[in-house]
Amino acid sequence: MPQHLVPHTGTGKRTTIEDFEIGRFLGRGKYGLVYLAREQSSKLVVALKVLYKSYIKSERVEGQVRRELDIHLNVRHINIIRLYTWFQDETRVFLVLEVAPYGELYQRLQQFGKFPLPVVSKIIRDVAQAIQYLHRKNIFHRDLKAENILICKGKETKEHTDAHNSDDSISVHEHELVRMAHYTYKIADFGWSVHHPTHGGRRRTQCGTLDYLPPEVMLGQSYDKACDIWSLGALCYELICGTAPFYHDEIKITRQNIANVEYSFTKDFSPASKDFIQRMLIRSPEARISIEDILRHPFLRQTDHRSKVPK
């Protein structure tokens with residue numbers, strides 16, 4: 001990123017919206033809009049997230065936005081979307097972000113319904129690596145879900161590409177699904193993230209999305225980084241079968257399911273994936289599998305990504 005692109009509080013040339021060519025609309029975020037843009041001097045293509053100060057103030061989330069900027073600007077990992085810089089004018093705050101050319105994981109989940117196990121293995125491994133990095137920096141993410149994971153180009157060997165392209169037995173839809181095992185998946189949103197400077201520290205703030213909330217957060221109890229382990233388990237479950245593990249049309253029952261850890265497996269799950277999820281979705285935070293053991297689990301060590309498309 002060009003050196004002159006610095007936060008408005010830093011040194012050097014002050015970044016303004018005039019430094020960018022604004023392209024197509026990419027989507028709507030929690031507190032603003034996202035556009036494709038190009039920084040004019042470097043020609044670097046970025047995602048420009050626009051937050052409106054009036055809305056931030058009306059929602060009383062000034063502190064949350066400041067925390068998001070502070071945390072996101074100071075993390076750097078292959079599985080985390082890069083926040084290059086941010087700046088502001090009288091009415092807006094602008095975040096200059098790495099582009100994710102293949103969009104949100106949630107959009108792909110809506111498109112395909114569910115994913116083959118090797119694809120899920122790749123997604124969860126990438127996300128778990130990012131969580132391991134964050135936890136080592138005493139950062140709790142607190143809002144892991146498909147909407148907050150973006151898809152970028154990964155490393156696909158020529159052998160894989162040739163094999164996929166030469167296989168006339170699969171449709172374009174199936175071909176794209178198989179390719180998903182070779183993309184790179186990155187955490188994108190740090191709106192609910194928090195830095196806890198004390199190792200092993202605990203918090204009580206309720207946040208996140210109900211379907212992924214661990215019991216201790218939902219019930220307003222103190223919690224620690226193990227909250228992200230539970231959410232990772234709920235995400236893994238949803239990617240495999242297409243439905244969150246504790247979901248019910250009635251919110252009251254969803255809450256009961258979470259509190260009692262009541263869920264069941266469909267035929268989509270392998271023995272390894274069942275064991276993997278069961279080790280994360282445990283009522284007691286202290287009993288949940290560690291992020292290091294997650295990355296060593298057999299389910300995340302699958303190497304055959306040329307799987308059949310789920311029916």
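For all residues, glycine too, the Cβ spot is worked out from N, Cα and C.
Features as listed in Swiss-Prot:
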- ASP143: active site, proton acceptor (ACT_SITE)
- LYS49: ATP binding site (BINDING)
- 20-300: domain 'Protein kinase' (DOMAIN)
- THR205: phosphothreonine (MOD_RES)
- 189-216: region 'Activation loop' (REGION)
- 280-299: motif 'Destruction (D)-box' (MOTIF)
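The residue listed as 'ATP binding site' carries a strand DSSP state (E or B). LYS49 (ATP binding site) and ASP143 (active site, proton acceptor) have their C-alpha atoms 19 Å apart, to the nearest angstrom. Every protein chain considered, the tally of other Cβ atoms within 10 Å of the Cβ of the residue listed as 'active site, proton acceptor' stands at 22.
Summarising the environment of LYS49 (ATP binding site), the number of other Cβ atoms within 10 Å of its Cβ, over all protein chains shown, is 24.
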